[in-house]
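What TrEMBL says about this one:
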type	residues	note
COMPBIAS	B:1-12	compositional bias 'Polar residues'
COMPBIAS	B:27-42	compositional bias 'Polar residues'
DOMAIN	B:736-794	domain 'CBS'
REGION	B:1-45	region 'Disordered'
TRANSMEM	B:119-140	transmembrane segment
TRANSMEM	B:168-189	transmembrane segment
TRANSMEM	B:219-237	transmembrane segment
TRANSMEM	B:280-303	transmembrane segment
TRANSMEM	B:315-337	transmembrane segment
TRANSMEM	B:367-391	transmembrane segment
TRANSMEM	B:403-426	transmembrane segment
TRANSMEM	B:481-501	transmembrane segment
TRANSMEM	B:507-529	transmembrane segment
TRANSMEM	B:541-565	transmembrane segment
TRANSMEM	B:571-592	transmembrane segment
Number of protein chains: 2
Amino acid sequence: MANITKKVSWSSRADESGATGERTPLLNGSEQQNPLSRQPSEGGSVFQIGRLSTVDLEEEITSDEESLRGRPKEIPHTEKLLSLKYESLDYDNIENQLFLEEERRMSYMGFRCLEISRWVVCGLIGFLTGLIACFIDIAVEQLAGIKYQVVKTNIEKFTEAGGLSISLLLWAFLNSAIVMLGAIMVAFFEPIAAGSGIPQIKCYLNGIKIPRVVRLKTLVVKVCGVICSVVGGLAVGKEGPMIHSGAVVAAGVSQGRSTSLKRDFKMFEYFRRDTEKRDFVSAGAAAGVSAAFGAPVGGVLFSLEEGASFWNQMLTWRIFFASMISTFTLNFFLSIYHNKTGDLSSPGLINFGRFQGDSVAYNLYEIPLFIAMGAIGGLLGALFNILNYWLTIFRIRYVHRPCLQVMEAMLVAAVTAAVSFTMIYFSNDCQPLGPEHNEEYPLQLFCADGEYNSMATAFFNTPERSVRSLFHNQPGSYNPLTLGLFTLTYFFLACWTYGLAVSAGVFIPSLLIGAAWGRLFGILLASIPSNGSIWADPGKYALIGAAAQLGGIVRMTLSLTVIMVEATGNVTYGLPIMLVLMTAKIVGDYFVEGLYDIHIKLQSVPFLHWDAPATSHWLTAREVMSAPVTCLNRIEKVGTIVDTLSNTSTNHNGFPVVVQVSGTDEPAKLCGLILRSQLIVLLKHKVFVELARSRLTHRKLQLKDFRDAYPRFPPIQSIHVSQDERECMMDLTEFMNATPYTVPQETSLPRVFKLFRALGLRHLVVADDENRVVGLVTRKDLARYHLGKHGLEELQLAQT
Amino acid sequence: MANITKKVSWSSRADESGATGERTPLLNGSEQQNPLSRQPSEGGSVFQIGRLSTVDLEEEITSDEESLRGRPKEIPHTEKLLSLKYESLDYDNIENQLFLEEERRMSYMGFRCLEISRWVVCGLIGFLTGLIACFIDIAVEQLAGIKYQVVKTNIEKFTEAGGLSISLLLWAFLNSAIVMLGAIMVAFFEPIAAGSGIPQIKCYLNGIKIPRVVRLKTLVVKVCGVICSVVGGLAVGKEGPMIHSGAVVAAGVSQGRSTSLKRDFKMFEYFRRDTEKRDFVSAGAAAGVSAAFGAPVGGVLFSLEEGASFWNQMLTWRIFFASMISTFTLNFFLSIYHNKTGDLSSPGLINFGRFQGDSVAYNLYEIPLFIAMGAIGGLLGALFNILNYWLTIFRIRYVHRPCLQVMEAMLVAAVTAAVSFTMIYFSNDCQPLGPEHNEEYPLQLFCADGEYNSMATAFFNTPERSVRSLFHNQPGSYNPLTLGLFTLTYFFLACWTYGLAVSAGVFIPSLLIGAAWGRLFGILLASIPSNGSIWADPGKYALIGAAAQLGGIVRMTLSLTVIMVEATGNVTYGLPIMLVLMTAKIVGDYFVEGLYDIHIKLQSVPFLHWDAPATSHWLTAREVMSAPVTCLNRIEKVGTIVDTLSNTSTNHNGFPVVVQVSGTDEPAKLCGLILRSQLIVLLKHKVFVELARSRLTHRKLQLKDFRDAYPRFPPIQSIHVSQDERECMMDLTEFMNATPYTVPQETSLPRVFKLFRALGLRHLVVADDENRVVGLVTRKDLARYHLGKHGLEELQLAQT
């Protein structure tokens with residue numbers, strides 16, 4: 001697969017940087033360097049610093065190779081590609097004159113007010129996220145209640161009369177119908193709302209612009225979709241999507257307007273830029289985690305683990321505030337709903353219940369057992385991920401039409417119902433219906449009166465309740481066969497389900513699988529004849545198994561530990577959970593990456609990890625950078641700018657601004673950096689200087705004009721520039737970022753990477769010792785390098 | 001105070017940068033800028049880029065002003081000064097050719113091994129920190145047990161016989177004697193071991209080199225000192241010092257050698273630089289918190305809150321590992337000590353005991369009460385800090401001789417005993433000695449048989465036990481008067497005690513004060529006639545009060561919340577504790593800073609906060625930087641280097657390296673940066689090129705040579721360079737950092753700050769658009785600016 005695509009689309013490379021033309025992939029082992037002695041050659045005012053004389057030659061070679069192999073019509077998705085369709089977010093402030101003037105005008109009180117409004121926004125984010133979680137919870141509970149009640153009545157009716165296949169059909173039909181609703185919304189209206197949204201939020205916080213990921217429409221589809229998929233009985237949870245929902249709420253609230261609803265509340269205009277928005281989205285994601293698991297600290301850690309490149313105490317504290325408000329809101333409204341107003345004891349959507357008392361204490365000699373369970377979790381998780389990887393590849397190739405996606409979702413829903421029914425039908429694990437039973441829908445089926453079918457507590461229930469039953473039901477509530485069969489079937493169902501075109505999370509199914517085999521493990525231990533009393537509580541092993549399985553699948557570390565501990569409500573489990581997660585991660589990483597990372601890679605997203613690959617010190621900025629760079633003059637002809645922006649073959653997003661010392665033929669020096677979006681706004685407002693009359697024909701542009709256009713800047717094609725105007729000049733001095741970060745060409749890749757990542761940059765100018773632009777480093781230039789099996793590998797860039 | 005010192009020591013300014021001479025303080029409002037048109041003027045090979053013609057003139061003015069005011073003999077410490085005696089740590093890798101060569105030689109397996117050894121080191125750090133905590137705990141328990149038993153027997157003897165004043169004398173004498181031991185060690189042998197060490201570790205993680213802070217001797221004194229002060233009955237805790245101890249252990253273990261013991265284990269040589277060492281010290285501090293409070297997550301957050309500038313997932317995970325191992329080790333060995341091997345239920349030195357059951361649940365209408373308690377905590381905390389601030393000023397001025405310090409500590413110990421005794425003596429709060437009582441040393445005194453003195457449970461006990469009693473004793477165990485008097489006296493005792501020349505922490509006293517008035521608050525609430533049953537449990541209010549008081553004093557945020565939650569072992573208290581800490585911080589910050597920050601300021605440490613001051617956008621690198629800069633040539637005369645390093649009036653630590661294009665008179669371009677420590681090693685190894693014979697006379701220098709000298713580089717005076725050698729040349733190419741970060745002169749202060757802080761820099765070169773060095777920004781240049789009452793203020797630099 002990787003072989004087929006090896007040379008594809010090299011020649012059509014175009015990215016954010018100023019690079020056109022060819023680069024020499026590392027894999028070829030060729031030592032050719034970008035020629036450095038290139039001189040400005042283009043007339044007019046665009047400096048093409050460096051022109052690649054080898055472009056045509058290499059393009060021919062590429063074509064030859066491709067024709068030899070039979071040029072593929074469609075580029076298959078593989079993780080060896082890096083897509084060029086993703087743009088970066090700019091987490092570095094654009095410090096141009098306008099910005100600095102505004103900041104300098106602002107008094108200390110102004111900054112205080114800003115800080116207060118940040119807190120207000122975070123409070124709002126937490127509140128709304130909590131409300132949404134509450135809505136989802138109540139809707140799922142009500143609708144699932146109706147569904148299970150209908151099916152239960154039906155089953156009870158036909159158990160005696162015979163003809164249970166009608167019940168099966170009813171169940172399968174109900175599931176499919178509900179799932180179809182959700183799948184149609186996702187597949188036809190907003191495909192980005194599929195899945196849990198966690199990979200997308202990871203990417204956003206990493207600095208990648210995923211189109212439509214934080215729009216209102218996405219939120220609506222997500223919320224409705226997740227209700228449908230959970231009610232539809234799929235092997236999914238409603239927790240993962242809460243993180244995405246929180247992020248969308250944050251992005252919406254913090255901007256003080258909705259582009260979808262065409263309402264601008266004229267509030268929070270200061271926050272209309274990537275830097276501020278990112279901070280709020282972090283808070284939103286944390287609030288989502290907090291609402292989902294009742295884990296405010298875990299939420300903060302999740303946001304930091306996934307997003308933060310620069311830890312700021314006040315920001316963290318605000319994120320924590322949003323998290324707390326979110327879990328508190330959810331808790332409060334749920335307590336009203338449950339007629340226990342003011343009782344704040346159910347802090348999240350999923351609640352593991354209280355692990356208290358002596359039976360749950362663990363002892364030293366159990367630690368090795370926990371570690372072994374972690375290893376099992378890692379193995380099973382890796383298996384899950386590999387299966388899901390193949391499935392996803394298959395889906396990308398063959399199931400990419402929306403109607404096919406809807407049909408697949410319906411099929412899965414029907415199969416889930418059928419499998420569940422079969423398992424329950426053939427199970428003969430009857431348990432007495434004691435007074436302390438807390439089954440919502442106990443199915444008697446073929447059991448004696450006063451008993452219920454144990455398999456049904458696992459299958460005929462929302463997954464959250466099943467998890468809780470596995471953790472807390474009395475020892476002896478399940479027999480080992482039931483648990484074994486359940487683990488097996490649910491594993492494959494969950495694996496098949498993840499990646500469907502429905503909104504759904506993988507947390508709960510993972511926990512459920514883990515809890516099942518964990519409980520099984522506990523029961524088996526208890527059956528060992530020696531002092532059996534000490535293994536009395538299988539619920540403890542269910543918890544450890546759940547942690548192991550979840551850790552083996554998603555490979556989160558600190559944040560997951562804290563989430564699990566907070567959801568358990570018991571700090572004593574900190575050490576075993578950490579050990580288990582650590583073991584699961586180590587074992588799992590040996591085979592394959594985490595599920596989210598796999599999906600990010602399959603999307604060919606230029607994701608930047610924490611550090612540059614370990615063995616990349618021998619690469620320098622010179623090899624990494626894109627060159628030649630399209631530069632603009634500080635005072636530039638409008639026509640040139642329009643032409644540069646319209647050049648679809650390059651489609652650059654950032655342009656170094658250079659200035660030539662007048663009267664000399666010295667090469668132009670770097671004096672700033674300007675973004676495509678800024679140029680678009682300038683062109684739209686006709687900020688031109690007519691040379692003939694030498695006066696300004698435009699009103700003074702304000703930062704507000706840029707903020708109003710943010711974040712959906714119009715394309716260059718929508719801006720009409722007359723022939724006369726093309727002859728005007730444009731003065732970029734005020735608008736360019738006059739102090740872009742630069743590095744010399746000899747800087748090593750890890751150093752470039754660190755600067756880029758720590759400051760959340762989008763463009764990093766490479767300058768020579770005369771301060772002339774020689775190249776530009778963008779996210780894709782850095783994300784290309786990764787450690788493969790054969791040492792450092794270079795991913796290829798494609799337009800897919 | 002600030003007035004007196006306003007102009008002192010301007011002329012003797014010398015810092016890490018290349019700046020000599022005068023700068024115009026912002027406060028003067030003068031608009032004078034550093035002249036930018038300066039040309040290199042010195043002959044030879046040292047470029048003095050820019051020479052300040054105004055130096056002498058201004059020096060005279062300064063002298064005049066000083067003589068007018070009567071030149072003070074001793075500069076009083078104020079927070080308006082920034083000391084020049086502190087150097088920075090260099091958290092940016094020195095990427096010179098040697099380093100790059102080593103990295104490039106290293107295989108992927110090499111990096112894996114490094115990673116594994118990092119984990120091993122972290123495990124060791126956790127283990128040793130846990131052991132130390134265990135040692136302290138057992139030692140304190142044994143010694144305090146003996147002491148209290150002796151005094152109790154004595155009191156019981158004299159209660160009947162009369163003459164209790166003899167008991168008082170005995171108690172006071174015992175306390176003083178034990179405290180004297182601790183104070184002598186601290187005051188005479190290692191003054192840096194005084195206090196909790198948290199401010200010092202904050203500074204270290206912030207990037208400031210505090211001399212002797214992570215030495216073995218400091219650790220020994222710290223451990224013995226803290227045992228003495230706790231056993232000596234001072235109002236102190238043993239938790240704070242654990243953080244410092246953990247950090248020392250980390251710094252020691254990670255270097256694989258001990259300079260004090262003159263042992264080099266030839267291990268972990270790769271970690272012998274500031275960057276790596278810092279990471280391990282973070283882990284050590286986290287392990288310390290974890291051991292102290294049984295709060296591994298809180299420990300990680302503490303390290304991150306105080307130290308991290310760049311969040312790295314693997315690093316965080318390692319820190320968490322160290323924390324977990326630490327609490328686990330402590331737990332395990334304590335369980336053996338308590339003959340309950342394998343029972344892992346007491347995870348930290350302080351354990352708040354389990355808050356379980358219905359009585360501790362809180363309800364919605366209690367939230368405003370909690371917030372009110374937070375406000376009280378903020379007020380009391382601010383009062384505490386202000387009092388302690390005055391006391392510290394007083395101590396700096398008048399109690400700076402070691403023997404005076406020892407005497408003060410003894411006085412405090414005696415007074416503490418006397419006050420305790422008086423309180424117990426005059427208290428008539430007798431409580432029945434029920435079967436469930438858990439007092440270690442119940443004092444009967446004048447109570448009836450079968451009763452004990454309630455005041456004694458608070459005073460006649462180690463503070464940890466007193467805290468636990470306040471949290472968990474039955475309602476009615478204390479009467480309000482007892483609690484009120486206890487709060488009052490303990491408040492002043494604790495305030496007086498903090499800052500003494502003994503090793504001691506402020507966490508436990510703060511918790512104790514807060515728990516006392518919190519319990520009082522709870523009792524008063526319960527006395528409100530309406531449905532009194534709901535306020536049944538004063539222990540809950542004691543916990544909230546403790547959090548409020550501690551938050552009001554130290555002003556930590558997220559980490560303290562998590563520490564409290566973990567120590568409580570109950571996640572439900574997360575929201576109230578957060579609200580309380582937030583309120584306490586907001587209220588407290590209105591009056592005065594946190595206790596640690598006050599002490600850091602009083603030490604005039606150039607501490608960098610998270611962001612540049614809000615209103616500093618109108619400052620640019622041009623105003624901030626130090627200029628002129630002493631630069632070195634790439635191939636430099638040895639004599640010049642020796643002279644530059646020997647210049648005690650400047651005492652620079654970093655030198656930009658420049659290169660002049662031969663045959664031209666163009667100004668020299670920046671080509672690297674070299675540190676004093678590197679030059680010292682080069683001089684020591686005589687890496688000279690004899691021009692006459694034009695060959696190398698030295699063996700090739702390795703990175704190992706630099707690592708062996710790290711971190712105690714010899715002073716320049718200890719290196720002898722003959723007259724012949726002075727004429728040799730030194731080639732710096734291989735050793736300088738060839739790609740230092742640079743910024744243009746127009747860069748705004750917040751931007752410079754962000755770059756500097758995010759990357760943990762020590763020197764940041766300011767270059768003009770021809771890539772010539774015009775200035776150097778160091779930590780002190782940035783730390784100078786802070787937001788005062790009248791907007792942006794500039795601190796002054798002094799040699800104190």
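Numbers run from 1 along the shown chain.
Every residue gets a Cβ built from N, Cα and C, even glycine.
Through the fold, the transmembrane segment (B:168-189) approaches residues 143, 147, 150-151, 154, 217, 221, 224-229, 231-234, 402-403, 405-406, 409-414, 416-418, 420-421, 500-503 of its own chain, all at least 6 residues removed from its boundaries and within a Cβ separation under 8 Å. When averaged over the domain 'CBS' (B:736-794), pLDDT in the model lands at 89. Long-range neighbours of the transmembrane segment (B:541-565) within the same chain, counting only residues 6 or more positions beyond its ends whose Cβ lies under 8 Å from a Cβ of the stretch, are 289, 293, 295, 297-299, 301-302, 304-305, 352, 355, 370, 373-374, 376-382, 384-385, 467, 470-471, 506-507, 510-519, 521-522, 525, 571, 573-574, 576-578, 580-585, 587-589, 593-597. Residues 355, 360-362, 366-367, 370-371, 373-375, 377-379, 381-382, 385-386, 389, 543-544, 547-549, 551-553, 555-557, 560-561, 564-565, 598 of the same chain sit 6 or more residues outside the transmembrane segment (B:571-592) yet have a Cβ under 8 Å from a Cβ within it. Helix, strand and coil counts under DSSP for the domain 'CBS' (B:736-794) come to 15 helix, 24 strand, 20 coil.
If one looks beyond the transmembrane segment (B:403-426) by at least 6 residues along the same chain, the residues whose Cβ comes under 8 Å of a Cβ in the stretch are 164, 167-168, 171-176, 178-180, 182-184, 186-188, 232-235, 395, 443, 445, 453, 455-456, 459-460, 485-486, 489, 493, 496-497, 500-502. For the transmembrane segment (B:219-237), same-chain residues at least 6 beyond its ends with a Cβ under 8 Å from one of its own Cβ atoms are 132, 135-136, 139-140, 143-144, 147, 171, 174-179, 181-183, 185-186, 189-190, 193-194, 197, 244-245, 248-249, 252, 350, 409, 412-413, 416-417, 420, 462-464, 490, 493-494, 497-498, 500, 502-509, 511-512. Among B:280-303, B:315-337, B:481-501, B:507-529, B:315-337 has the largest number of CB pairs under 8 A with the transmembrane segment (B:119-140).
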